[in-house]
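Read the structure below first, then the notes.
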Amino acid sequence: MAFPINLTQTLLFFFCPLLHLSFAAFTPTDNYLINSGSNTNTSFFTTRSFLSDSSEPGSSFLSTDRSISISDTNPSPDSPVLYNTARVFPVGGSYKFQVTTKGTHFIRLHFAPFKASRFNLRSAKFRVLINGFSVINSFSTSSVVVKEFILKIDDPVLEISFLPFKASGFGFVNAVEVFSAPKDYIMDQGTKLVIPNSAQIFSNLSSQVLETVHRINVGGSKLTPFNDTLWRTWVVDDNYLLLRAAARRAWTTHSPNYQNGGATREIAPDNVYMTAQEMDRDNQELQARFNISWGFQVDEKRVLHLVRLHFCDIVSSSLNQLYFNVFINEYLAFKDVDLSTLTFHVLASPLYIDFVAESDRSGMLRISVGPSDLSNPARVNALLNGVEIMRILSPVSSEVVSGKRNVVWIVVGSVLGGFVFLSLFFLSVLCLCRRKNNKTRSSESTGWTPLRRFRGSSNSRTTERTVSSSGYHTLRISFAELQSGTNNFDRSLVIGVGGFGMVFRGSLKDNTKVAVKRGSPGSRQGLPEFLSEITILSKIRHRHLVSLVGYCEEQSEMILVYEYMDKGPLKSHLYGSTNPPLSWKQRLEVCIGAARGLHYLHTGSSQGIIHRDIKSTNILLDNNYVAKVADFGLSRSGPCIDETHVSTGVKGSFGYLDPEYFRRQQLTDKSDVYSFGVVLFEVLCARPAVDPLLVREQVNLAEWAIEWQRKGMLDQIVDPNIADEIKPCSLKKFAETAEKCCADYGVDRPTIGDVLWNLEHVLQLQESGPLNIPEEDYGDVTDPRTARQGLSNGSNIERDYGDGTSGIISSTQVFSQLMTNAGR
């Protein structure tokens with residue numbers, strides 16, 4: 001029986017890992033451990049001995065005589081001895097190992113940069129190949145990194161090569177591990193390929209090259225190579241939980257009941273299966289049925305990953321009490337999981353389930369567990385014990401790593417082919433209906449048409465008919481012109497990379513500078529985003545919304561062309577780049593501009609548009625630092641007049657996501673307000689919305705900033721670059737506005753119009769102080785929209801902004817377009 005962790009159990013919980021160290025460790029058939037650049041052997045974490053590669057027998061593995069061994073002359077006292085030396089490859093080099101047992105092997109490469117007399121390892125830039133297959137491209141690091149790869153070796157020799165990226169570069173490594181994996185560590189049977197609306201079988205998994213990205217001990221403490229059977233490291237899940245209130249830790253002191261055919265101690269150590277996160281059913285703020293969700297940044301967009309989930313029912317007092325569902329990226333991956341049946345009716349018996357899933361357009365993988373329809377209402381629960389995420393690298397034709405992914409693509413192609421056929425059929429019907437109703441529709445309201453969402457794939461004909469039938473002919477730009485204007489999409493002109501594809505700096509025939517966003521060639525996965533941006537941006541113009549110049553759909557391409565924003569994203573002027581930091585006044589003006597653009601989206605039609613992905617990288621700056629909201633791929637129409645929300649799947653970016661929208665899947669314009677509030681704190685503190693490398697209390701920017709705000713000490717975490725120039729009255733009002741935006745419930749958040757008015761007041765306070773307003777009163781400002789009774793509610797006004805921007809707005813929104821000249 002497992003118990004939720006409370007204060008009296010905390011010590012026992014954290015010492016739990018120490019109770020299970022006596023089991024016999026796995027003994028691999030092939031086992032090579034190299035201490036690179038050292039003259040002596042050394043141990044690391046355990047009794048495993050790493051051989052020096054500067055003397056026999058370790059030096060026999062080096063296949064080059066042009067490498068250099070270096071030592072850290074000033075090592076940190078906390079640094080392991082293994083990381084005090086390194087092998088440097090100025091012109092490339094490799095290690096070669098004899099493989100006695102063919103099959104799956106682990107390869108771990110340790111990189112711990114330091115500065116020596118001749119080399120600063122932090123400036124290294126190189127590639128790593130395994131038997132000629134590139135596993136690391138253009139690698140450099142300023143901190144300790146351990147890269148782990150799992151792959152099948154069929155040759156008698158394993159060669160690991162380190163190649164400088166350019167002539168001026170060099171490669172290095174501090175330690176190398178090569179050892180054979182336990183039998184059946186990667187299985188070819190039973191792996192589910194999670195795709196929209198179904199879960200197919202992914203074949204030939206053992207022949208793929210895997211790179212470990214995350215290894216999580218859910219609900220437990222950190223595990224090191226000292227207490228793991230395969231010398232792995234498992235980190236805690238606290239920083240990955242999307243809603244901490246939904247989960248509570250559970251644990252047991254009883255050893256897992258391992259069964260034949262289930263998990264083994266080599267798959268995961270005891271401590272993983274003895275702890276878990278389960279639903280916090282005592283939390284009264286949550287609904288009766290909810291999911292526990294984790295979000296994992298994997299960096300690579302639209303890339304397949306092996307997701308291995310570990311389960312052990314340590315929360316049930318008897319069999320057949322626990323039923324739950326598993327979701328990956330919102331798709332149902334496993335319905336009605338019954339651990340009792342899967343473990344042959346043995347309680348607390350470990351097992352794991354493998355899935356293959358694709359990361360989303362933001363480079364995220366989201367995993368959720370939640371109650372099943374089979375759950376007893378009195379025992380609704382779900383749990384998860386561990387997570388491993390491994391990136392599946394590009395298909396390999398090398399003899400060393402055999403196997404192909406043809407089966408996968410056959411499955412995917414079959415499914416998507418069905419979607420293509422259905423899409424063509426429904427589009428044909430749609431076109432006929434449009435011809436019939438064209439006159440009627442042209443006389444209707446000028447509000448935006450609802451955005452269409454497509455699933456699966458489509459070919460160029462489908463796209464052409466969809467876009468062409470929308471009447472956007474004047475926006476078409478030929479592929480030849482874009483190819484010429486970007487020097488054949490030269491990689492040196494890339495100014496950004498997103499989930500849709502790369503963004504290039506380019507120019508048109510008339511020498512107009514543009515930003516060219518090109519969807520991944522041959523892929524139709526971005527079709528909904530492609531259509532959404534054209535639908536929205538072709539119908540509106542506003543000074544603070546990025547303008548669409550045109551699009552291209554020739555040769556199965558999906559290319560969007562925008563006005564060029566010289567200064568790039570707001571984020572690059574706050575942190576993480578060499579750009580000079582913006583002043584406090586500039587930051588306020590940027591926030592005000594973005595709020596104006598967002599307010600126009602929310603109020604520019606009867607339904608309005610909800611952006612759904614407001615963040616600092618989607619607010620761009622032109623040459624004069626004028627802010628413009630960009631990237632409308634996730635946007636959709638707001639609720640109808642008689643509705644309060646739009647029910648839809650959760651979309652957005654980790655760290656900016658409205659918690660209420662996440663819990664209820666009910667989208668409103670207040671979801672954008674929450675995201676904008678996070679941006680306000682980002683502007684003030686100059687740090688990311690989520691930073692998993694920080695201590696737990698600081699990981700989430702909004703939570704951390706609000707905590708300091710409520711203590712009256714927000715000035716202590718303000719960006720040092722602007723701390724001396726912010727007036728206290730300006731900071732106070734700005735912080736109050738940001739805090740209200742980030743309220744847990746949408747009803748407690750202001751409208752974006754209120755936010756806009758308050759930000760303009762913040763700027764006035766910064767430039768002139770509170771003037772005649774008593775200090776205790778300047779925290780609340782009345783929005784002038786409350787004094788609109790003199791305007792007719794039924795009329796529409798077409799506004800000309802003098803700078804070429806225009807749009808249809810109702811008279812009830814006219815005040816949102818007024819410019820406040822004071823303080824400009």
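Residue positions begin at 1 at the first shown residue.
Positions of Cβ are set from backbone N, Cα and C atoms, glycine also.
Sequence-distant neighbours of D613 (active site, proton acceptor) (same chain, 6+ apart, CB under 8 A from its CB) are D631, G633, L634, S635, K651, G652, S653, Y656, S675. Annotation comment: Swiss-Prot describes D613 as active site, proton acceptor.
Residues annotated as ATP binding site in Swiss-Prot, with sequence analysis given as evidence: I495, G496, V497, G498, G499, F500, G501, M502, V503, K517.
The annotation domain 'Protein kinase' is assigned in Swiss-Prot to 489-764 on the grounds of sequence analysis. Per-residue confidence over the domain 'Protein kinase' (489-764) averages 87 (mean pLDDT, predicted model).
Summarising the annotation, Swiss-Prot assigns signal peptide to 1-24 and lists sequence analysis as the type of evidence.
Per Swiss-Prot, topological domain 'Extracellular' is recorded for 25-406.
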- Determine, from DSSP, whether D613 (active site, proton acceptor) sits in helix, strand or coil. coil
- So V497 (ATP binding site), by the Cβ count within 10 Å over all chains shown, scores 11
- Per DSSP, V497 (ATP binding site) is which: helix, strand or coil? strand
- Message: Need the DSSP three-state call for V503 (ATP binding site) to compare against my parser.
- Response: strand
